[in-house]
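Just below is one structure, and these are the notes that go with it.
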Amino acid sequence: MSMLWGFITDFFTYETTKSVVVKSWSVGIINRVVQLLIILYFVCWVFLHEKAYQVKDSGIESSVMTKVKGFGYHNNRVMDVADYVAPTQGAAVFCIITKVIVTEEQFQGFCPELVTEVVYSSMPLDEYQNISISLSSTGIITGACVNSSQGGRCEMEGWCPAENDKVIMQPMMEVENFTIFIKNSIRFPMFNVIRGNFPSSLNTTYIRNCTYDPEHNRHCPIFKVGDVLRYTGQNFSTIGGEIGINIEWECNLDESEERCEPHYSFTRLDAVFQKNAISQGYNFRFAKYYKMENGSENRTDFRTLHKAYAIRFDILVTGFAGKFNTVPTLINLVAAFTSVGLGTVLCDIILLNFLKGADQYRAKKFEEVSESQIQILLSRESCSQLSIKPEEKISDDSGAVSLCLDQQL
């Protein structure tokens, strides 16, 4: 029963703060330094750098149009944009082909498989079909072994003759001189702000003759492929690769909208795979179909197969806009003023645990007052203030107890 009563009396208690003035140089310096650091953090980082007084819109709406120009020479042919750009619609993702391996006049039929590395003799059909997926990339294994100029090979059914993608082909070196025109328009719906990646004041003559340079021509929307490759430190002319052109918008709408400009950066998106033994670079296949007379009334379907090695470009648009707003300003001001009190918490930890005289400070800071003590004190007409220990020194601060640790240390 006594335990229950003790629990009830402990529960119905009230705690209040007690001001204790500690006259210690070391603790005072620590307190002011911590407060100064907290104030500097909020002023320099939170408000000036992060602009916490602004409301931000990161839901950027973006549209990208691209156009590639240039001529190259590859496989005894002059290549123009229609030959080496895919897709041709000028989207935010496109490829510039650097090398093509062509297999001409393919037709549906039976022929030796070229990619088989082991020469097989005749075996049951079910065993051929079991290895067809792993060994054949151009057709279905029939189960027969046929003679060819390369010896005995598995027969396959599909587009014949089979593709030989081991042919050594020189890349189109003129790719480095090709240019990419990028037109990017963005909108921040929260503020209804619309911007473009180059000023409307730029004239046609300037745009036709300029090339992007991060220092001298940062407003030019025309990028030289060779420069983009150098910015990423890569060379993909042989096996291709994936390049990211990042357009980043960081707009402070408290200033003029004219200062809302894009910043470009370049990166290799497939860098994580560049040391892999398989799937290096970037390539894809496409075919052009046609019909030819076969000497009878029927016409045979033919195709020309292209295996293209290319540089793939991804235009990535990110950004946000910020503008002054009262709500985040008040929230961060309250957080700043509240955080200044952390200096007091740190000083209390030091005083209670690490400095000499910690017991005296603990006795002054934590004091228990019962209702009976209050009644006794009220009955004493000679007492003018609440003081359980009469030898305490009264501070000049109103209602605060002064504790001079320097005299005790």
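Placement of Cβ uses the backbone N, Cα and C atoms for every residue, glycine included.
Keep in mind that TrEMBL annotations are predicted by a computer and have not been checked by a curator.
Annotation in TrEMBL places C220 in a disulphide bond whose other cysteine, of C210, C251, is C210.
Per TrEMBL, the stretch carrying the note transmembrane segment among 80-102, 333-355 is 333-355.
Record source TrEMBL places C160 in a disulfide bond whose other cysteine, from C111, C145, C154, is C111. According to DSSP, K67 (ATP binding site) is assigned to a strand segment. Around the Cβ of F284 (ATP binding site), a 10 Å sphere holds 14 further Cβ atoms from the protein chains shown. Taking the Cα atom of each, C160 (disulfide bond) and K307 (ATP binding site) are about 15 angstrom apart. R285 (ATP binding site) sits 42 Å from C251 (disulfide bond), taking the C-alpha atoms as the reference points.
Reduced to three states, the DSSP call for C251 (disulfide bond) is strand. For N177 (N-linked glycosylation site), the nearest of the recorded positions V68, C251, C260, N283 in terms of C-alpha separation is V68.
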